[in-house]
Amino acid sequence: MSGTRASNDRPPGAGGVKRGRLQQEAAATGSRVTVVLGAQWGDEGKGKVVDLLATDADIISRCQGGNNAGHTVVVDGKEYDFHLLPSGIINTKAVSFIGNGVVIHLPGLFEEAEKNEKKGLKDWEKRLIISDRAHLVFDFHQAVDGLQEVQRQAQEGKNIGTTKKGIGPTYSSKAARTGLRICDLLSDFDEFSSRFKNLAHQHQSMFPTLEIDIEGQLKRLKGFAERIRPMVRDGVYFMYEALHGPPKKILVEGANAALLDIDFGTYPFVTSSNCTVGGVCTGLGIPPQNIGDVYGVVKAYTTRVGIGAFPTEQINEIGGLLQTRGHEWGVTTGRKRRCGWLDLMILRYAHMVNGFTALALTKLDILDVLGEVKVGVSYKLNGKRIPYFPANQEMLQKVEVEYETLPGWKADTTGARRWEDLPPQAQNYIRFVENHVGVAVKWVGVGKSRESMIQLF
């Protein structure tokens with residue numbers, strides 16, 4: 001019956017497709033992405049969890065941040081460092097996608113790729129797709145990042161401790177609507193050059209000591225434009241096709257972490273993007289119903305780079321031991337990380353914002369030598385227990401942490417490959433975390449390699 005329809009097929013005036021509710025929902029939703037996010041102040045071992053999940057992923061994407069993130073992945077004894085490239089680029093069967101929420105320093109991107117090529121990374125350009133809406137980080141953004149830190153030091157006697165990669169200044173340009181994007185670089189270059197010059201002059205008027213080789217930078221950018229042109233796609237259409245075409249496994253690799261989020265982190269000592277789950281939707285251009293599992297990555301203790309409140313910090317032998325045993329210095333900056341006990345107030349707060357479906361607890365083996373292990377379970381302010389994580393930094397500096405002391409296991413866990421291999425006290429520690437946060441631990445990390453991530457379910 002082409003072109004005609006029985007009148008009782010549908011109510012008068014109804015158009016479109018008639019389906020049952022469940023089919024409608026499935027058709028409308030499409031595939032769901034799996035998200036890996038940091039649940040503390042970064043450096044939790046997200047790269048390792050991504051690496052595990054990336055082995056059978058079809059697409060691995062980054063949705064925010066820039067080359068201020070640092071992910072280390074060890075494969076076949078080789079250590080790869082990723083900052084801007086999704087760490088899933090190692091997987092030769094998958095496509096890596098840099099979303100619109102990421103800010104891209106092109107010289108940094110190629111430098112990073114070349115460094116990893118020397119370690120054995122091959123054909124990455126054929127597997128990388130870049131959103132045309134991603135903003136560009138220019139060399140002068142990086143210079144300004146350094147100048148702003150000097151200013152803060154002079155004015156307030158303290159700085160934020162940025163990575164000086166130009167991330168904050170680029171997101172500032174984006175919010176001020178003066179930034180330039182990949183799509184601008186790839187269209188009319190004269191128009192791009194004129195906007196680039198305006199942006200450079202604006203920064204020079206704010207920072208009189210700032211020197212910018214405008215012509216030199218434009219020449220380099222023109223060269224980079226041709227190199228990246230084959231990799232650039234409209235990110236919205238790319239993600240839509242990926243979600244609604246043949247079923248695909250899509251993995252999103254969060255950079256930074258919950259407590260560094262521009263809205264929910266320990267402001268102002270945060271990064272300039274949303275590194276909580278909302279940043280996935282805005283940074284890739286996908287709706288909330290396409291978010292599937294959200295895995296929170298947590299270190300078995302707490303670390304923080306740079307300044308800012310850190311309630312469970314241990315400036316003592318314990319802190320020193322955690323730093324030495326855990327090799328706690330930054331991948332991007334080489335700075336020493338401050339160390340302290342696991343803080344469950346932070347973890348519960350990160351769960352409220354992100355809605356974790358499961359946790360990965362990493363670096364459990366670092367606690368192997370301790371006779372007892374403390375865990376921060378609540379905060380007191382002026383002698384009264386407070387049921388929330390304070391937004392105000394001065395208040396957070398003043399909180400007194402209430403600890404629970406658990407027995408240590410004093411045994412080497414690095415050889416453990418199953419739950420049963422872990423000492424009862426280590427199992428008890430993991431169950432304690434689960435019960436207090438209300439989220440199951442899916443993986444436990446006891447070493448550097450892929451094999452040392454014990455999967456519990």
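Even glycines carry a Cβ here, placed using N, Cα and C.
Database features (Swiss-Prot):
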type	residues	note
ACT_SITE	ASP43	active site, proton acceptor
ACT_SITE	HIS71	active site, proton donor
BINDING	42-48, 70-72, ARG337, 363-365, 445-448	GTP binding site
BINDING	ASP43, GLY70	Mg(2+) binding site
BINDING	ASP43, VAL331, THR332, THR333, GLY334, ARG335, LYS336, ARG337	substrate binding site
BINDING	ASP43, GLU44, GLY45, LYS46, ASN68, ALA69, GLY70, HIS71, THR163, ARG177, ASN256, THR271, ARG335	IMP binding site
REGION	1-21	region 'Disordered'
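Closest by Cα distance to LEU364 (GTP binding site), from the recorded positions HIS71, GLY334, ARG335, is HIS71. In this structure, the C-alpha atom of ASN68 (IMP binding site) lies 26 angstrom from that of VAL446 (GTP binding site). Note on proximity: among GLY70, HIS71, THR333, GLY334, ARG335, the recorded positions of the record, the Cα nearest GLY45 (GTP binding site) is that of HIS71. Comparing THR333 (substrate binding site) with ASP43 (active site, proton acceptor), their Cα atoms are 12 Å apart once rounded. GLY334 (substrate binding site) has THR163 as its nearest neighbour among the recorded positions LYS48, HIS71, THR163, ASN256, going by CA to CA distance. Taking the C-alpha positions, the distance from HIS71 (active site, proton donor) to ASP43 (active site, proton acceptor) comes to 8 Å. Summary: among the binding-site residues (GLY42, GLY45, GLY70, GLY334), the fewest other C-beta atoms within 10 A of the C-beta are counted at GLY334. Cα separation, THR72 (GTP binding site) to ARG337 (substrate binding site), rounded: 16 Å. Using Cα positions, the member of the binding-site residues THR163, ARG335, ARG337, VAL446 nearest to the residue listed as 'active site, proton acceptor' is identified as ARG337.
In three-state terms derived from DSSP, LEU364 (GTP binding site) belongs to a helical segment. Most other Cβ atoms within 10 A: among the recorded positions LYS48, HIS71, ARG335, LYS336, ARG337, that distinction falls to LYS48. A count of other CB atoms within 10 A of each Cβ picks out THR163 as the most crowded of the binding-site residues THR163, THR333. Taking the C-alpha positions, the distance from GLY70 (Mg(2+) binding site) to LYS336 (substrate binding site) comes to 14 Å.
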